[in-house]
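S.K.: This is the structure I want to talk about, given as structure tokens.
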């Protein structure tokens, strides 16, 4: 029975021998080629690396590098280990690509698309325009969908199994391509989504010179500082973009001063830090106003922030999974499964959480009783009227007007003055207009 150590060793041998086999047998299962070489040794124990190189139509240095990397340059060990893998082949595990990824992708695609449609409809029907941070979020959504598309395409490379020895070299090469694309798109998508949220918070913050805006700027800088290195390292770490075709090339070398796992952990840690800050900022902004809201609305807000906390946790789980797999001896052929799952969940939940404030406006407009709001009026015209008033330098608070009209409608004879909760300077009117109407 093959042990876990045998499984890992067979995967390493398959990866390196598959690189040599790519010249003549790019679409043949690599385990079959391992068995073929073992049988060559059965027929002639003195088979040379030159003969093996001729069989694979590979340069001699590739087989010599293969022998040196895995068998310490010993022909005898090379023969023994290849024959051993051939003998335990019937007992080797054949793990499949995690089947739940496909329904996971389909579910998030449907839910995400509906939420983005509702978000844009909310802006147009209530606000009368689409703010810039919504367009930025749309870009983030497209990138998130692209990531899921890449993961689905990658699943096809594992149709025969995720182990290297179950795949052809074409499968392995395509797998490396898709995972490189995934690892490049992920930090870009995360940065775009965070940029949308930070711009939203920027316009929501009441004081243009307050500490909150400095926190927003600092968070954006850290987000850029974690995303850019993650993208660049994935592209240049091995000196070649298609490094998998050169793993038997002795001239291939990594950037000597860069520790890739450590870089991944540092940028991942900064990513989690900015996730937490972005989760905390709206709590600070709406803590006071939300205490004056009804119980249903407070419960809904609590559920939203709980979901936001899940986003932070999934980001941490993604990093922890990578580190655990690295400490187990490399990312290996199974690493892409849990990392891909956490990548999908983290990015998609971030988009969903970021879109909830816009959906709240629709609920207030069409289903006010869900949030415990009675005698609701159509708020779209009120918000647009406020926007026009502010552009002329007037000071008007939509929610004060909205709440006052509700009180007046329930008591027509009463004359209740409008109490201003905050004033909006006309110079910065548009930056403070829209988000507060959604969040508070």
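Every residue gets a Cβ built from N, Cα and C, even glycine.
Any TrEMBL annotation is an automated prediction that lacks curation.
Pulled these from TrEMBL:
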TRANSMEM  100-121  transmembrane segment
DOMAIN    118-364  domain 'Rhodopsin'
TRANSMEM  133-153  transmembrane segment
TRANSMEM  184-202  transmembrane segment
TRANSMEM  214-238  transmembrane segment
TRANSMEM  264-287  transmembrane segment
TRANSMEM  299-319  transmembrane segment
TRANSMEM  339-359  transmembrane segment
S.K.: Counting Cβ pairs under 8 Å that sit 6 or more residues apart, are there three or more between the transmembrane segment (339-359) and the transmembrane segment (133-153)?
M.R.: yes
S.K.: Applying the under-8 angstroms CB criterion, which one of 100-121, 184-202, 214-238, 264-287 scores highest with the transmembrane segment (133-153)?
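M.R.: Looking only at 100-121, 184-202, 214-238, 264-287, the most contacts with the transmembrane segment (133-153) come from 184-202.
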S.K.: When you scan the chain for residues with a C-beta under 8 Å from the transmembrane segment (264-287), skipping those not six or more beyond its ends, what do you find?
M.R.: 187, 190, 194, 197-198, 201, 204-205, 212, 215-216, 219, 222-223, 225-227, 229-230, 301, 305, 308-309, 311-312, 315-316, 318-319, 322-323, 350, 439-440
S.K.: Between 0 and 100, where does the mean pLDDT of the domain 'Rhodopsin' (118-364) sit?
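M.R.: Averaging the confidence scores along the domain 'Rhodopsin' (118-364) gives 83.
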